Structures are given as structure tokens and as C-alpha cells.
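One structure is given below, encoded as C-alpha cells.
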């Protein structure tokens, strides 16, 4: 997160301290998987050079402040949260009044012209409900507006809201997968129009390919029936313990490393290379990338935490794609570390993931230490199962 915003100009009719000093910790999370390209076997999003990422992020209204990488993933700490770039997976998570959907078309151009991808395999856009939605800017002023923007690109997008929409809830936009190649082409019709010249050249190349390449296509389609294991857990926390949040201020800690050690963040997921940043006067962001998450996780394993510590609008998010058959223990470690008044958990897992039974696990977690579950919902998509649960510290 960045420093809190001065709202004296945008909130002239309000005189409270919260109105004059506010930062929206809730992030907008955009994750895109590009389809493997047979025309460009060396396709890789990491080919996109740093200056082009800098320019793209300007459209989002944020900038890169730190960077780390390994053989599988490039991880960027941003002025407002994080970006992760792998061979064919791209993740952008931004808080405040950023506009991540504004970079969608520029990203598609970079993916086609530099990285070598012209097809989107899957897309996930999600966020918790804002604390101050009236401060957001287009196309993020409401979930309806965000859905309309994404629907202009995809004709098989689906929008969902889980939880109590008049209280804490969580919004998701994703694609309706499970069809054959014709549906994929239909889904990406707008993308094809956007890059018509580039794609037509690839089609000409594909028409000239021999039977060996056609056989490879068939093998790739067959392989796609058993996708690589994939999973993501998010824990979105509010109403946090002020004594814990004080750690993430320059009054208590002078460096990010000190805040990481004093809070215990370094113990949440061992084996991570941590890149952390402590904002002035307060706020904290970190990325962690796994030293070794195994060959079957080709896009790399990561974790990321972002903290808005101010008492009036405290917010912490934790996210990771590290696989586990027991997310209950991870949820306990995270909530014990930050002591939220309430939190939302979401878990995505595909059928080949060891987390595939996360829905049953969380169903049995009616209470987690001091927190009691108030809501739980399940959604089954063609390739992923989603579990949503909301917990409050009791009595509440």
C-alpha cells in the first residue's frame, strides 16, 4: 500500500478525520493465464522488458518499487501492492484508487507482440467490497461497471458475488471454461480483432505446418485434459488489533526487515525469499517467492501480504498459491499473527491440486481459535472449485 490519501479536495463536505485521511486497502486482483502457443514455442511473458512494465503500470496509477526473481517467477513490489509475472501467468494486485482494468488492452498487445501469446486460457478478476466505494474511479466505481468492461472483451464471462452483499462480500468475474477450441476462439474474438494483423500472420504460418505439428496440437489438447495442479488461498482481514498494526509504522520499526521479523511474517510460509517494504509513515508490503516448489508447479509459487495499519480503516491481505491439504493450519497462523476482528477466506483449487478437498476442510472449521464462521459458500466451475467463508471474532 502507499501512503494514505489526502481527501480534503474530494470530500469538501465532510469534516471528520477519517474523511480527511483515508486509504482503501482493499485490492483489485486480476489473474490471467495465456494459452500455450504452438506457433511460438518460446512464448514467455518474462520477455516483456522492464520499461514496458513501467509504462503499463502508469495506466494503473502505480509504480514498481522493488523486484526479485527466480527461475519461474518475476515478483514486483508496487507502490500499491504487487505484480507477478511467470511464463504464461500474470497477476496484478493493486489497492487504493488504482485502475488495473485500464491496462488490459495494453497487456494483450504486449503479450502478442513481445511474449508470443494471442489466446487467453483463463481469467479471474476479484475483490472484496470497498470501504469507500465512492472514491473509486472508472472503470472501478462499482462491480457492475467492472463486469460491463470485461464483458466487452469476453462473451462467456460470468460474474458472481459471494457473502452478504449488504455487509462483507466478495466479487468474482471469470470465464466459463470447458468448451472446445471453437469456444476459445469465440471467447477471444475481441482479442483477435485487437491484434488482427499479428494474428493473421500466425494463422498463415499454422496453415503451412506439417502433420508433425498437427500431432503435437493433438497431444497438447490431450494434456490439457489433466492440467497442472493449481490453487490460491486469500485471507482478507479487517478491524485489526491496533497493537499489531503499530508494528507496521515508522514509529515502531525503522526497516521492513524489522517489521517482518517482529510480526512473525517470516514464519508464515517457510522457504520463501522475502522482498519487503515499509512505507513512510506507515504501511507495509511484501512478496515471497519459493526457493523450491517442485517441477509440477511450472509457474512458480509465491506469497504476498499488504497492510494498511490505520485504526479507522485497518486492512491486511494474505495471498499464496502454495499447495496444502491442510489450509486450516495456515489460516490459524495468519490470523494469530494479525488478530483481525473479522476475515474472509477464499480458496480456489483445481482437480489435480492436493487442495482439491479444501471445501470439505473449511466446512468442518466452524471455529478457528477466537473466530466463528458466519457464512460459507461453494461454487464449482469447469476447472476449479471455489470455497468462500467469512469469520468474526466472538462474541460479536
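Glycine is no exception: its Cβ is also placed from the backbone N, Cα and C atoms.
What TrEMBL says about this one:
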type: ACT_SITE; residues: 81; note: active site, schiff-base intermediate with substrate
type: ACT_SITE; residues: 95; note: active site, proton donor
type: ACT_SITE; residues: 285; note: active site, proton acceptor
type: ACT_SITE; residues: 306; note: active site, proton acceptor
type: BINDING; residues: 23, 80, 279, 310; note: substrate binding site
type: MOD_RES; residues: 81; note: pyruvic acid (Ser)
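Taking Cα separation as the measure, residue 23 (substrate binding site) is nearest to 95 of the active-site residues 81, 95, 285, 306. Candidates 80, 95, 310 (recorded positions) were compared with residue 285 (active site, proton acceptor); those inside 10 Å Cα-Cα are 80. Across the structure, residue 80 (substrate binding site) and residue 95 (active site, proton donor) are spaced 5 Å apart at their Cα atoms. The number of other Cβ atoms within 10 Å of the Cβ belonging to residue 81 (active site, schiff-base intermediate with substrate), over all protein chains shown, comes to 28. Recorded residues residue 310 (substrate binding site) and residue 81 (active site, schiff-base intermediate with substrate) have their alpha carbons 17 Å apart, per Cα-Cα distance. By the criterion of other Cβ atoms within 10 Å of the residue's own Cβ, the least surrounded of the binding-site residues 23, 279 is 279. Cβ crowding, taken as the number of other Cβ atoms within 10 Å, peaks at 80 among the binding-site residues 80, 310. In this structure, the CA atom of residue 81 (active site, schiff-base intermediate with substrate) is 12 Å away from the CA atom of residue 279 (substrate binding site).
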